[in-house]
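Asks: Just lifted these from Swiss-Prot, have a look:
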type	residues	note
BINDING	T9, F10, H14, P15, G16, H17, D92, Y119	ATP binding site
Amino acid sequence: MTTVVAQGTFDLLHPGHLHYLREAAGMGDQLHVILARRENVTHKDPPILPNEQRREMVAALDPVDEAIVGHDDDIFIPVERIDPDLLVLGYDQHHDRGDIADALAERGIDCVVRRASEYEPGYEGAVLSTGRIVERILETRD
């Protein structure tokens, strides 16, 4: 059995998130998703929704076998517990694939790191980022 981990913020779910999770699930037999804690998101605006609400939404998706909120201090502790065969990064996540692979190896986690492909919707006007969704809401609501 191939165990896969995907990770991210998953704030205001959109089709890009679904694409990422479906693709990651298709690379193995079991998909575990680790959601970044609001307080640990420092590379962009913090999530709008609370940790547990985001986890609940992701856990409800068909491709997902388990969804957990990440550790308070150490992002690799949940990965150690899951002990995946594969960790799949989102196509636009800021993490460097090589740096993640090195950090996993330093902890003795034998895990391949891949990057998911970009989602290409088959329709016009798709809004594929939380930031753009928020902008659209602000533009259309007074």
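Cβ atoms are placed via backbone N, Cα and C, with glycine included.
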Asks: Which of the listed binding-site residues (P15, G16) has the least company, meaning the fewest other Cβ atoms within 10 Å of its Cβ?
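Replies: Selected from the binding-site residues P15, G16 on minimum Cβ neighbours within 10 Å: P15.
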Asks: So how many other Cβ atoms are close to D92 (ATP binding site), meaning within 10 Å of its Cβ?
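Replies: Neighbour count, Cβ to Cβ under the 10 Å cut-off: 14.
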Asks: Going by DSSP, is F10 (ATP binding site) part of a helix, a strand, or coil?
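Replies: The residue in question, F10 (ATP binding site), is coil (DSSP, three-state).
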Asks: Fewest neighbouring Cβ atoms within 10 Å: which of the binding-site residues F10, Y119?
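Replies: Taking F10, Y119 as the binding-site residues, the minimal 10 Å Cβ count falls on Y119.
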Asks: Select one residue from H14, H17: among these binding-site residues, choose the one with the most other Cβ atoms within 10 Å of its Cβ.
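Replies: Highest number of other Cβ atoms within 10 Å: H17.
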Asks: Could you tell me the maximum Cα-Cα distance in Å between the residues recorded as binding ATP, namely T9, F10, H14, P15, G16, H17, D92, Y119, rounded to a whole number?
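Replies: With T9, F10, H14, P15, G16, H17, D92, Y119 as the binding residues for ATP, the largest Cα distance is 17 Å.
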Asks: Among all the protein chains here, how many other CB atoms are within 10 A of the CB of T9 (ATP binding site)?
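Replies: For T9 (ATP binding site), the count of other Cβ atoms within 10 Å is 24.
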